[in-house]
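The block underneath contains the structure these notes are about, expressed in structure tokens.
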Amino acid sequence: MIKRLVDIGAVKFGAFKLSSGLESPFYVDLRSVLGEPELFQWVIERYEAVLSGLEFDVIIGVATGGIPYASVLGYRLKKPMGYVRDEAKGYGTGRQIEGADVAGKRAAVVDDVLTTGKSVLNAIRAVRASGGEVAGVVVFLDRGQCGAEAVKREAGVYVYSVYKMRELLEELRPHIGEERYRSVLDYLSQWRC
């Protein structure tokens, strides 16, 4: 199934500018997984395995990449689900968290990919501002660019990942060629967390 991530373009190699502003020789866009039912199921099962080690009352998806995964996980695990907007909306209820109420509850924050940790830190702040506690953050992929360390340092919350980029890269190695493998490995080696 790992090779399917490359086949459908969920993992791409080349020259990319990330939303964080960083330049990268690879790009991960797990939204394309949503159009592949078998692969989507496989990804959800990996999330479930990681979440099974966490005690939580509610699942909170990070907009936008974490929302579809959090939705399915909430349904499958029979947990209330909500999501965090980038910022509180300026109309209606003015809430930043939609869906499940987090007040007095332990939340598992779910996102797809972690780079710098900025989006996840925003979600943690929103959960806490709404009276909730964060039991942990679960991502499918930690790019290995110090985001998990930033979340731990700044918020005191541990990030659990299905894959770290180095692990994913190792599994993809036979499918992407040695030159591409080395290029990404060299890029990742600059991040000392």
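Every residue gets a Cβ built from N, Cα and C, even glycine.
Annotation comment: Swiss-Prot describes Arg85, Lys89, Asp111, Asp112, Val113, Leu114, Thr115, Thr116, Gly117, Lys118, Ser119 as 5-phospho-alpha-D-ribose 1-diphosphate binding site, evidence class sequence analysis. Taken from Swiss-Prot, the feature orotate binding site covers Thr115, Arg143.
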**Asked** From the Cα of Arg143 (orotate binding site) across to the Cα of Gly117 (5-phospho-alpha-D-ribose 1-diphosphate binding site), what is the distance in angstrom?
**Response** 10
**Fill in**
If you measure between the CA atoms of Arg85 (5-phospho-alpha-D-ribose 1-diphosphate binding site) and Arg143 (orotate binding site) and round to the nearest Å, you get 22
**Fill in**
When each of the binding-site residues Arg85, Asp111, Val113 is scored by other CB atoms within 10 A, the minimum falls on Arg85
**Message:** Counting across all protein chains present, how many other Cβ atoms fall within 10 Å of the Cβ of Thr115 (5-phospho-alpha-D-ribose 1-diphosphate binding site)?
**Reply:** 23
**Prompt:** Counting every protein chain present, what is the number of Cβ atoms, excluding its own, within 10 Å of the Cβ of Ser119 (5-phospho-alpha-D-ribose 1-diphosphate binding site)?
**Reply:** 24
**Prompt:** What three-state class does DSSP give Val113 (5-phospho-alpha-D-ribose 1-diphosphate binding site)?
**Reply:** strand
**Fill in**
Same-chain residues at least 6 apart in sequence with Cβ under 8 Å of the Cβ of Arg143 (orotate binding site), in sequence order, are Val28, Val113, Leu114, Thr115, Met165
